[in-house]
Amino acid sequence: MTTAHMTTAHTVHDLRAQVTQWKRDGLRVGMVPTMGALHDGHLSLVRAARAACDRVVVSVFVNPIQFDDAADLAAYPRTLDADAALLRTAGVDVLYAPSAAEMYPPGFATTICVRGVSEGLCGGARPGHFDGVATVVCKLLMQALADRAFFGEKDFQQVHVVRRMVADLNLPVEIVTCPTRREDDGLAMSSRNRRLSAEGRARARILPQVLTQCAERIAAGDDLAAALQQARDALLAAGFTSVDYLELRDARDLAPVTATPTAPARLLAAAWLDSVRLIDGVDVGV
Ligand SMILES: Nc1ncnc2c1ncn2[C@@H]1O[C@H](COP(=O)(O)OP(=O)(O)OP(=O)(O)O)[C@@H](O)[C@H]1O
Ligand SMILES: CC(C)(CO)[C@@H](O)C(=O)[O-]
Ligand code: BAL
């Protein structure tokens, strides 16, 4: 167990004071942006950051401008004390937990809109979501003067949006993508999993199972439309109440794939169970 001293910053001023000192000392700063309610998926990003950087900042901020659904925002779990304990044990140097007023003070008027990769999938189902994500991620990376930032592959479209923004705006930060951590039954770890009922939690394992089986069918050359439709039907038959999307996309640029893929592809889905929206994705081999 690491006993290093973690500090908490609630303001840009306090965070900057710390990272400016690190920069003067020639240290490389890693950042892990999160919305809290931490689990081992988040901690895997922290481990990657610690391995690749001299100092690590983890932000915990439930970003209101990326929610189009007020009920989802209100229900989002907030567990800052438990998060701080986990991050301290994980050897994080600074926990950055700004308030909404610190992030978006009166008069705030800037939005970052990344076209193309933000359209469709989660961007289609959650209007404005990726404008909110791009805006807050840009602010967080600049506030922390991060050299490297770590994101989970579970939020596959988010990684594309962030990479596009960083390239387009020439932000001096390297984006690192980390694999999806899963529970023993295959369910992708997610803060929202804790909102599932016991029965819903038991059924949720169907999502990665269906995706894996569908990916195998596609890789074997089965008819793509039929394989996708069968997977959607399997989710509904298993008790999912609706499927926002279940689509095959080019893994490099998220372009829709409409036939058996000849380049790396990713099968992506978002579906509702127990009024909880779960997302997941798997690679399709070529
Ligand atoms: N199972 C996981 N494995 C690896 N990284 C993950 C996992 N779950 C989330 N992350 C990553 O952690 C970062 C913060 O994500 P976030 O705080 O939204 O957690 P979450 O569990 O995905 O919550 P949500 O319920 O909002 O989907 C993102 O880069 C996300 O991709
Ligand atoms: C990247 C992020 C922390 C921005 O609020 C959020 O979208 C998330 O947790 O994936
Ligand atoms: N993990 C993406 C954050 C969100 O669902 O808003």
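Glycine residues also receive a Cβ, built from the backbone N, Cα and C atoms like all the rest.
Here's what TrEMBL has on this protein:
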BINDING   35-42, 152-155, 189-192  ATP binding site
ACT_SITE  H42  active site, proton donor
BINDING   Q66  beta-alanine binding site
BINDING   Q66, Q158  (R)-pantoate binding site
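Feature annotations (TrEMBL) mapped to structure.
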residue: M35; record: ATP binding site; Cβ contacts under 8 Å, 6 or more apart: V60, F61, V62, N63, Y76, S191
residue: A37; record: ATP binding site; Cβ contacts under 8 Å, 6 or more apart: Y76, P77, R78, T79, D83, S191, R194
residue: H39; record: ATP binding site; Cβ contacts under 8 Å, 6 or more apart: R181, M189, S190, S191, N193
residue: G41; record: ATP binding site; Cβ contacts under 8 Å, 6 or more apart: G152, K154, T180, R181, A188, M189, S190
residue: H42; record: active site, proton donor; Cβ contacts under 8 Å, 6 or more apart: V32, T34, V58, G152
residue: Q66; record: beta-alanine binding site; Cβ contacts under 8 Å, 6 or more apart: R126, G128, H129, F130, D131, G132, V133, V136
residue: Q158; record: (R)-pantoate binding site; Cβ contacts under 8 Å, 6 or more apart: C122, F130, V133, F151
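Secondary structure at K154 (ATP binding site), taken from DSSP and collapsed to helix, strand or coil, is coil. Cβ-based neighbour count (10 Å, all protein chains) for M189 (ATP binding site) stands at 18. Contact annotation for binding-site residues (M35, G41, K154) versus ligand 2: M35, each with CB under 6 Å from a ligand atom. Within 10 Å of the C-beta atom of S191 (ATP binding site) sit 19 other C-beta atoms, taking all shown protein chains into account. G41 (ATP binding site) carries a helical DSSP state (H, G or I). Its own atom aside, the Cβ of G152 (ATP binding site) has 22 Cβ atoms within 10 angstroms in the protein chains shown. Cβ contacts within 10 Å of K154 (ATP binding site), excluding its own Cβ and spanning all protein chains shown: 19. Secondary structure at M189 (ATP binding site), as computed by DSSP, is coil. Listed recorded positions: A37, H42, Q66. Those with a CB atom under 6 Å from ligand 3: Q66. Under 6 Å, Cβ to nearest atom of ligand 1: this is the test, and of the binding-site residues A37, Q66, G152, S191 it is passed by G152, S191.
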